[in-house]
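Asker: Dumping the structure here so I can ask a few things about it.
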Amino acid sequence: MMTYEYILVRYGEMTTKGKNRSKFVSTLKDNVKFKLKKFPNIKIDATHDRMYIQLNGEDHEAISERLKDVFGIHKFNLAMKVPSELEDIKKGALAAFLQVKDDVKTFKITVHRSDKRFPMKTMELLPEIGGHILENTEDITVDVHNPDVNVRIEIRSGYSYIMCGEHMGAGGLPVGVGGKVMVLLSGGIDSPVAAYLTMKRGVSVEAVHFHSPPFTSERAKQKVIDLAQGLTKYCKRVTLHLVPFTEVQKTINKEIPSSYSMTVMRRMMMRITEQIAEERNALAITTGESLGQVASQTLDSMHTINEVTNYPVIRPLITMDKLEIIKIAEEIGTYDISIRPYEDCCTVFTPASPATKPKREKANRFEAKYDFTPLIEEAVANKETMVLQTVEVVAEEEKFEELF
């Protein structure tokens with residue numbers, strides 16, 4: 001019985017790129033290679049319009065599961081490679097069809113003749129190949145409109161690829177082609193989703209988390225570490241900066257009117273994050289804000305908060321409602337971590353009546369009464385930085401270190 005020998009990857013949005021497409025292809029190949037480190041026998045060939053992964057006996061199902069999480073992949077197919085001879089193509093199409101699930105009742109054949117010198121036309125090939133499958137199966141019919149399985153055949157010079165089992169990729173662009181941003185990672189539901197959607201646009205992320213011991217616990221800190229760890233499923237690594245925020249918050253609580261304490265706190269976070277962004281050569285700041293969700297996420301609040309940074313502030317969730325955000329969080333595996341009942345620094349000092357329409361003039365006037373600069377610099381200087389990778393990669397590195 002024939003087995004799958006290749007996975008053919010289609011790029012999707014990357015095909016709209018022009019002269020710089022080679023950069024996108026190269027980055028995607030590098031990301032796929034990193035994602036599939038556990039499979040040493042594979043060989044990856046990335047061309048201008050698609051990628052070919054030669055399996056060489058590796059587990060195609062396990063590899064397929066990993067490819068689903070790689071940004072830049074639109075779709076991919078399991079494939080067999082056969083000589084470009086009619087009988088070989090017919091046998092290969094039947095073998096590929098027989099490997100799909102038992103509950104399949106209908107199919108169609110799709111043929112693409114990349115080699116126009118092949119002696120038979122597409123309309124001549126369809127009944128030949130389809131008829132061969134019908135003759136060698138039972139209770140199977142052709143459905144060209146809504147088939148259970150589409151047997152795709154790509155005829156090239158000398159050899160042909162036969163594909164079944166189409167899988168959807170993660171879409172978007174390869175992580176790394178779009179620069180780097182700092183993501184404010186609070187520990188809630190929204191910010192990990194914002195990080196995920198930012199990565200989907202090809203942007204590398206580093207996370208900044210503000211914690212305020214003893215008001216926030218070690219369990220709350222670990223929760224954020226686990227969230228950052230979870231995001232490594234979609235990239236090579238996530239660098240997490242843990243910023244001590246206790247003194248800043250205590251001073252805000254003491255010096256700033258309570259109605260403006262939330263606004264000023266967010267402004268301080270932006271100032272600190274901007275300094276870290278400068279150190280780390282990041283080009284923007286990403287937040288998990290959704291318009292109108294809480295008092296600090298009104299247009300007036302965002303207008304006042306934005307004043308303190310010259311960096312672009314990316315808000316991927318800005319027009320989403322909570323249910324849409326939760327749906328994505330569940331799909332990417334961060335929801336169950338986010339709902340762990342540990343408070344973060346934004347909740348422990350929440351004012352009773354925060355201003356929903358704060359003004360820049362008032363915020364500046366309140367802040368001018370106290371010099372926050374030393375506190376900001378101290379918070380940046382005392383941050384804890386850790387680099388997180390997928391559990392598999394960490395295990396491999398530890399195993400390698402044990403050899404020495």
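Glycine residues also receive a Cβ, built from the backbone N, Cα and C atoms like all the rest.
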Asker: Name the one residue among ARG219, ARG237, ARG266, ARG267 that Swiss-Prot lists for the same ATP site as LEU184, LEU185, HIS209, PHE210, GLY288, GLN297.
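Answerer: Swiss-Prot lists LEU184, LEU185, HIS209, PHE210, GLY288, GLN297 binding ATP, and from ARG219, ARG237, ARG266, ARG267 it also lists ARG266.
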Asker: Residues with Cβ closer than 8 Å to the Cβ of LEU184 (ATP binding site), same chain and 6+ apart in sequence?
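Answerer: SER191, ALA207, VAL208, HIS209, MET269, THR273, ILE285, THR286, THR287, GLY288 - these are the non-local Cβ neighbours of LEU184 (ATP binding site), listed in sequence order.
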Asker: So, by DSSP, how many helix, strand and coil residues make up the domain 'THUMP' (61-166)?
Answerer: 34 helix, 34 strand, 38 coil
Asker: Going by DSSP, give the three-state secondary structure for LEU184 (ATP binding site).
Answerer: strand
Asker: Give the residue from the binding-site residues PHE210, GLY288 that has the most other Cβ atoms within 10 Å of its Cβ, counting over every protein chain displayed.
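Answerer: When each Cβ's neighbours within 10 Å are tallied, PHE210 leads.
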